[in-house]
Ligand code: GDP
Ligand code: IMO
Ligand code: MG
């Protein structure tokens, strides 16, 4: 069977930790979208690992697959694999031949477009990893796929088509001189061919490429347990998120089918677990109706959002939760939990269960608030509107909960749900009731053991 892990908010909900928690019963972990924009922190035998491409389970000896829906930067991938090997691990990673390759010019174009957009306050605040430009080329049918790296003739043909176009974009659209770029080789066919053909040889030598759909289906037919690991989150989904402040893929559960080659029936026949952070964080731009503070990560075009209000509280939660980006180190914006957002995410992906993380971070506050509904143009909304402009005008109707005290969280996790402070239980039960979805796991700390496990999905 499959268990699909989906971020229910804006990324960084602690997906990696939950993938890891249920990892013991898993044979294969597959990513279905995104690339090295993702950042997961996983603690294994007291060691912390920060991974952006290698699926978290691979550090625990499981087979890790990067599905066809992913965009793969081989530089990052091999850096991560080499680093893990230096630390004594031997990750088994397979890559879909259909996955698209992030080439150096995709990063260059990501940077240029963000810069140009920033002149009119429209930048997305991307991770700069070239994610958007790579998916653009995929949709434009001019991308380079992992399978192409294995065939020198195909690789050269693809590069000879696409690179001159990208040079023209840099020079004629943006008016820049390629020779003035930090890495002019990013747009040099021969240099690209040489480097990426080498990656292709390594993929081949280490037998890393697979037909992901066939590989995963065979594993399921053999009775293996497959986990589908989403990166990012629902509100930065290109279709269901707050466009244009989104990533360029589908982190929602539908993406798990298209991004692996498993059928929707297979994915839907398994469990789909929504990962919920007990409050909100956001890196990058875009509105956030329940935002606290607003000085960090000002939102272009939405400067009125939460300006200055509760700045201290935002700083407190940011520090307690260590809310700085895994990939970019950027301080994350902070807000209260947003129920209209979660109702939307639950509907889009059909969560069969949720995991609520970071309850420990809120401990010690007198009062914990949530956005229960929105008011938009005098009307009460229980879910998110479809346009970002409308969302930016939504005012959160806040509900307040009594806070809960600090506790020995490891002991709480060991003892189980009953040991959770009463007020924290009331908070959890409110979320379960509103989403009509049971909490399978409750995170009370970053460590592997610091989770209350109520349900084993496999
Ligand atoms: P992901 O991108 O969704 O996998 O999440 P990240 O790894 O980027 O961010 C989550 C961070 O919170 C990591 O540093 C985790 O170790 C940490 N974390 C996860 N769950 C909990 C929790 O319940 N409590 C605390 N305090 N930290 C947690
Ligand atoms: P994980 O998997 C949080 C955000 C960026 C930006 C927008 C587009 O760790 O949860 P991109 O580089 O993808 O084109 O950036 O999406 N973003 C994330 N935010 N967690 C992530 O991944 C993210 N990946 C991208 O900050 O706002
Ligand atoms: Mg992350």
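Cβ atoms here come from the backbone N, Cα and C positions, even for glycine.
Keep in mind that TrEMBL annotations are predicted by a computer and have not been checked by a curator.
Record check: TrEMBL places 12, 13, 14, 15, 37, 38, 39, 40, 127, 141, 232, 247 at the IMP site, and the matching candidate among 330, 343, 347 is 330.
Of the candidate ranges 92-115, 116-139, 164-187, TrEMBL annotates residues 116-139 with the feature region 'Disordered'. In the three-state DSSP scheme, residue 12 (active site, proton acceptor) falls into the coil class. Highlighted here are the binding-site residues (39, 41, 329, 332) whose C-beta falls below 6 Å from ligand 1: 39, 41, in sequence order. Listed binding-site residues: 14, 39, 41, 331, 332. Those with a CB atom under 6 Å from ligand 2: 39. In terms of Cα spacing, the binding-site residues 39, 41, 359 that come within 10 Å of residue 328 (substrate binding site) are 39. Among the binding-site residues 326, 331, 332, the residues whose Cβ sits under 6 Å from any atom of ligand 3 are 326. The closest partner of residue 332 (substrate binding site) among the recorded positions, by CA position, is 11; the full candidate set was 11, 17, 39, 41, 138.
In terms of Cα spacing, the recorded positions 39, 138, 329, 330, 331 that come within 10 Å of residue 11 (GTP binding site) are 39.
In sequence order, 36, 37, 38, 39, 52, 127, 129 are the residues near residue 327 (substrate binding site), counting only same-chain partners six or more apart with C-beta under 8 A.
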